[in-house]
C-alpha cells in the first residue's frame, strides 16, 4: 500500500487527475472505476478542465460506477447517474453507452439480483477495471460496503448503515424518500481492479484513514481490505493523515520513491 500525503485537498485532486490521465493515455481502451460523494467532485472538476484544454480525450474510455441507490430512477436529482452526468459525463466526450451505473430503480429482489450479476459480467466483458477511484466513509466503508461486508463480496444489494443514511440525508429534501438500500460493487469486485486509488481529505476522515492503513485487517473496516491489494495508492491531505502513527515514515518513503524515479539512489 502506497501512502501519499499532500498539503491540501486541491493537491489530492490534482494527483488523482494525473493518475487518471496516465491510465487513459497508456491503455488502448481504458476502463475506469468511478466513485460519487463529495471527495471525487474536485477530481472530476480537474478532469473537465484538462479535457477543455485538449489535454485528454475520453472517447475510448469505459467507466463503471461503484454503486447506486435502490428505488430511485436514473433521472432522480439524487441518483448517482445524475451525479455523474452533472459533475463529469456531460462535460467531456465520453460515449454515453460506455458509462455504466448499476441499474437499481426496481425494488424487486429478483430483478436487482439479475442486475448485479449483469454488472459483474459487464465489467468482465470490458476487460476488468484498470484504475478504481475510491473515497472512504467515516465508518470505513468503500462503495456501499458497510462494516461486516465480506472481503470476497461481489456486486449485490446492501443495507446502508445508520451513519451512512445520516451522512447522506443532507442531499434529500425534507419528507422526500431517502433510500436505505443500494446496489454496490463488492469488496472482491474492487480488489479485482488492476490498480486502486483512494482519496481522503479533511479531519472527519482521519479516524477511518488510520483504521484502514494502520489497523488490523478486519471486516469492521471494509477499506482495510486494500491492505491486500498489490497496487493500492492512498492519497491524503494533511488533515486526513493527522492521526497516522507512521506519518513521517510514509513521507520519507515517498521522498525516497521520488528520488528513485529520478535516478537518485543516494
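The backbone N, Cα and C atoms fix where each Cβ goes, and this holds for glycine too.
Listed features, source Swiss-Prot:
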| type | residues | note |
| --- | --- | --- |
| ACT_SITE | 67 | active site, proton acceptor |
| ACT_SITE | 139 | active site, for ring-opening step |
| ACT_SITE | 141 | active site, proton acceptor |
| ACT_SITE | 146 | active site, for ring-opening step |
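Mapped onto this structure are the features recorded in Swiss-Prot.
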{"residue": "67", "record": "active site, proton acceptor", "Cβ within 10 Å": "23"}
{"residue": "139", "record": "active site, for ring-opening step", "Cβ within 10 Å": "19"}
{"residue": "141", "record": "active site, proton acceptor", "Cβ within 10 Å": "25"}
{"residue": "146", "record": "active site, for ring-opening step", "Cβ within 10 Å": "23"}
Helix, strand or coil at residue 146 (active site, for ring-opening step) [DSSP, three-state]
coil
Whole-number answer please: how many Å between the C-alpha atoms of residue 141 (active site, proton acceptor) and residue 67 (active site, proton acceptor)?
12
